[in-house]
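Notes follow once the structure below has been shown.
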Amino acid sequence: MRWCPSSVLHLLRCLRSRSCCRRGRNNRLPPWIRDTWAYMTVLARSLYFNSLTDSDVVFDSIFEPVFWTVDYVTRWFGMVFVCLVVLLTSSIVVIAYVVLLPLVLNTYSPAWIAWHVCYGHWNLIMIAFHYYKAAKTCPGYPPTEKNDRPFVSVCKKCIIPKPARTHHCGICNRCILKMDHHCPWLNNCVGHLNHRYFFSFCLFMTLGCVYCSISGRNLFLDAYNAIERFKHLDMEKPGIPVTGMGLLIGLFPPGQASYQTPAPPYTFKDKMINKSIIYMWVLTSTVGVALGALTIWHAVLISRGETSIERHINSKETKRMAKQGRVYRNPFSYGRLNNWKIFFGVEKRSHWVTRVLLPSGHAPHGDGLTWEAHQVKKDLIPV
């Protein structure tokens, strides 16, 4: 049986009329529903838009709202974390001057007094200087105008060329030169221009916490025993007050008409001093352990000539090339000692004192836009 042209035309007209009806129904929907449906359609299609899509892309797309929420909260609570660092550090300093310094001056020998005063003030100056510089120094941004600088890729969010070792920070919403991570305790990114300040702050804060924990151990034990003794004294009852018939049966001495509880053998000042010592020792010991582990981790990364982000990238490259029977080598590592010299900006021996052990605001090595790579094969350099 053959199809006649008139029947075919009739069928096509019916299909066209139905599609027009559907479009008309969709146009009747409110604009926000159509926009939401279009956005959801694009989002669903983006999960399989090309052959390069893998599980990581799907995972990032699904958890994008979670990442956005974390970035938003971290951005707005940055000043809260900074104020918390300042308050906790200031509380330890106040306890050291009000409680510990008088004890040191009354009990220690002149040599030990000089040591504690000199080291304590030097450590405090280094902590305050490096924290201020790490929080206030710009981490370094790539240029936004057109230039002839070499770059390795284009940022998908900033739509600007990205030099080597540059990454985009979702919290700052900018690309950072030699980005290590975003530190909420600084309310700032750790990048090329303030990486040294961040590490020096972690190092000297750890040294200060360890110093307070070790030197205050005996004071902590004495304060803890004193607090326990005060608790036992509070629990002991000196007697039972007698009222009413006390005067008739002669329980009170002549001339005494009321019962008086004896004063405690300690004062409120003694109790607060001991509690302050316990607070200082617990806080410095806890921060010393946590921050010390972070400082050691960053010291290992500096020795290898890489940042926290590059650590993950280099590990993936190492595994990928190991499957091909090749060895990956970090092109930005110049040897452990040279890595430390470049990181601290040490150009001569005296700089180990003037630029590492003393406050120094010198600029880091290089401009953060171009890097001298090791003489390695081209196929070993990650793109």
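Each residue, glycine too, has its Cβ placed from N, Cα and C.
Curation does not apply to TrEMBL; its annotations are automatic.
Here TrEMBL flags 76-100 (among others) as transmembrane segment. Here the transmembrane segment (76-100) has long-range neighbours at 120, 124, 127, 131, 135, 184-188, 212, 216, 219, 273, 276-277, 279-280, 283-284, meaning same-chain residues at least 6 beyond its ends whose C-beta is under 8 angstroms from one of its own.
Look at TrEMBL and you will find 112-132 (among others) tagged as transmembrane segment.
According to TrEMBL, the domain 'Palmitoyltransferase DHHC' annotation covers 153-312.
Here TrEMBL flags 197-220 (among others) as transmembrane segment.
What TrEMBL records for 240-257 (among others) is transmembrane segment.
Long-range Cβ contacts of the transmembrane segment (277-302) within its own chain (Cβ-Cβ under 8 Å, at least 6 residues beyond either end) map to 88, 91-92, 95-96, 99-100, 199, 202-203, 205-206, 208-210, 212-213, 216-217, 219-220, 223-224, 227, 308, 311, 339-340, 343. According to TrEMBL, the transmembrane segment annotation covers 277-302 (among others).
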Looking only at residues six or more beyond either end of the transmembrane segment (197-220), which have a C-beta under 8 A from one in the stretch?
92, 96, 100, 103, 116, 119-120, 123-124, 126-127, 130-131, 133-134, 137, 180, 183, 186, 190, 277-278, 280-281, 284-285, 287-288, 291-292, 294-295, 298-299, 302, 343, 356
If you average pLDDT over the domain 'Palmitoyltransferase DHHC' (153-312), what do you get?
84
